[in-house]
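First the structure, in the form of structure tokens, and then the observations on it.
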Amino acid sequence: MEITNVTEYQEIAKQKLPKMVYDYYASGAEDQWTLHENRFAFTKILFRPRILIDVSKIDMTTTVLGFKISMPIMIAPTAFQKMAHPEGEYATARAASAAGTIMTLSSWATSSVEEVASTGPGIRFFQLYVYKDRNVVAQLVRRAERAGFKAIALTVDTPRLGRREADIKNRFTLPPFLTLKNFEGLDLGKMDKADDSGLASYVAGQIDRSLSWKDVKWLQTITTLPILVKGVLTAEDARIAVEAGASGIIVSNHGARQLDYVPATIMALEEVVKAAQGRVPVFLDGGVRRGTDVFKALALGASGIFIGRPVVFSLAAEGEAGVRKVLSMLREEFELTMALSGCRSLKEITRDHIVTEWDSPHPRPAPRL
């Protein structure tokens, strides 16, 4: 069967992967309301296309933190990619590089920062979890810097792991042949079996629940890399992030895996963009499966978007070729959406190109009698 859109990879991944692995990637927290909403909320935004504009040339290039990329579509950090495919993060890194875009490597990758760097050139960011032992954190950040990573994406929504009931039922743990490669030499690379989710137990033991804004400042004392704060959903926190010296904000609900009944990220986006007031770029993470979704996010003020699950599902289905295909399908759909909306460059995408369910209705002139 020919794959014609990103979503079709999920069913293939479901058939190929062991249940524990598929459920880990696919599931959300508790009732999974936010998981559903992350996708559904995009249907509440409609287009207001402009016609008869010369769209024979379309430019999708942009810059993120000063780095030029081919399109505003980037790869979000997702853990344990070798559970999906033996080449794991290596394949994802090569696919991102070939597409001319940014890959974010998870702290909990099954390939180390050095291994990913060894795949060749590419613009890469490093996602950071803050461990109780700050020496571990400092060491990891230094290794990422040395390996040529260009920014730190600090995850701020995980003082504790969300209640992911599929992982509890499956007694999720990392398969024995895999390790958290970045922590291997620190005796933190293995995950023990537990009576519920092995990952939840690992997080409870290792991740620092006391993490606060002062730690964002601390991070700036140990690295010169720009820091993106990942996991912001409110205007209040957007303002604090800017004041704390963040170089950017990623609007994220952790793929709906942390607190259930938070809004879809596309619903929270505009509030965060308005609070940031253009002082730092704001990015959207979560729910993007179509080029139309990318356009909607940019129309609401995002500087770019990150995709997570489409990467692991396509990786499971077809390895590096699958990830390349996901990036090229989203690119082509986004280019088509721009053309049909009358936009030739990203700066031409405006709030006027969409109407949302939460907009006040446009006043209609009274009908003539």
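Any Cβ shown, glycine's included, is placed from N, Cα and C.
Annotated features in TrEMBL:
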- His254: active site, proton acceptor (ACT_SITE)
- Tyr24, Tyr129, Arg164, His254, Arg257: glyoxylate binding site (BINDING)
- 77-79, Ser106, Gln127, Thr155, Lys230, Ser252, 285-289, 308-309: FMN binding site (BINDING)
- 1-359: domain 'FMN hydroxy acid dehydrogenase' (DOMAIN)
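Recorded features from TrEMBL, shown on the structure.
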{"residue": "Tyr24", "record": "glyoxylate binding site", "Cβ neighbours (10 Å)": "25"}
{"residue": "Pro77", "record": "FMN binding site", "Cβ neighbours (10 Å)": "26"}
{"residue": "Ala79", "record": "FMN binding site", "Cβ neighbours (10 Å)": "20"}
{"residue": "Tyr129", "record": "glyoxylate binding site", "Cβ neighbours (10 Å)": "21"}
{"residue": "Lys230", "record": "FMN binding site", "Cβ neighbours (10 Å)": "28"}
{"residue": "Arg257", "record": "glyoxylate binding site", "Cβ neighbours (10 Å)": "24"}
{"residue": "Asp285", "record": "FMN binding site", "Cβ neighbours (10 Å)": "27"}
{"residue": "Gly287", "record": "FMN binding site", "Cβ neighbours (10 Å)": "28"}
{"residue": "Arg289", "record": "FMN binding site", "Cβ neighbours (10 Å)": "22"}
{"residue": "Arg309", "record": "FMN binding site", "Cβ neighbours (10 Å)": "23"}
Here's one to test understanding: among the binding-site residues Tyr129, Arg164, Arg257, whose C-alpha is closest in space to the C-alpha of Asp285 (FMN binding site)?
Arg257
Nearest to Lys230 (FMN binding site) in three-dimensional space, by Cα, is which of the binding-site residues Tyr24, Tyr129, Arg164, Arg257?
Tyr129
Whole-number Å distance between the CA of Arg289 (FMN binding site) and the CA of Tyr24 (glyoxylate binding site)?
19
Compute the average pLDDT of the predicted model within the domain 'FMN hydroxy acid dehydrogenase' (1-359).
95
Same chain, 6+ residues apart, C-beta under 8 Å of the C-beta of His254 (active site, proton acceptor), given in sequence order:
Thr155, Asp157, Thr158, Gly162, Gly231
Would you mind reading off the Cα separation of Tyr129 (glyoxylate binding site) from Pro77 (FMN binding site), to the nearest angstrom?
11
Report, as a single number, how many Cβ atoms besides its own are within 10 Å of the Cβ of Arg164 (glyoxylate binding site).
25
Report the nearest neighbour of Gly287 (FMN binding site) in space among the binding-site residues Tyr24, Arg164, Arg257, comparing Cα positions.
Arg257
Out of Tyr24, Arg164, Arg257, which of these binding-site residues is nearest Ala79 (FMN binding site) by C-alpha distance?
Tyr24
Compare the Cα of Tyr24 (glyoxylate binding site) against each of the binding-site residues Pro77, Gln127, Arg309 and report the nearest.
Arg309
Protein Cβ atoms within 10 Å of Gln127 (FMN binding site), excluding its own:
24
Between Arg309 (FMN binding site) and Arg257 (glyoxylate binding site), find the distance joining the two CA atoms and give it rounded to the nearest Å.
12
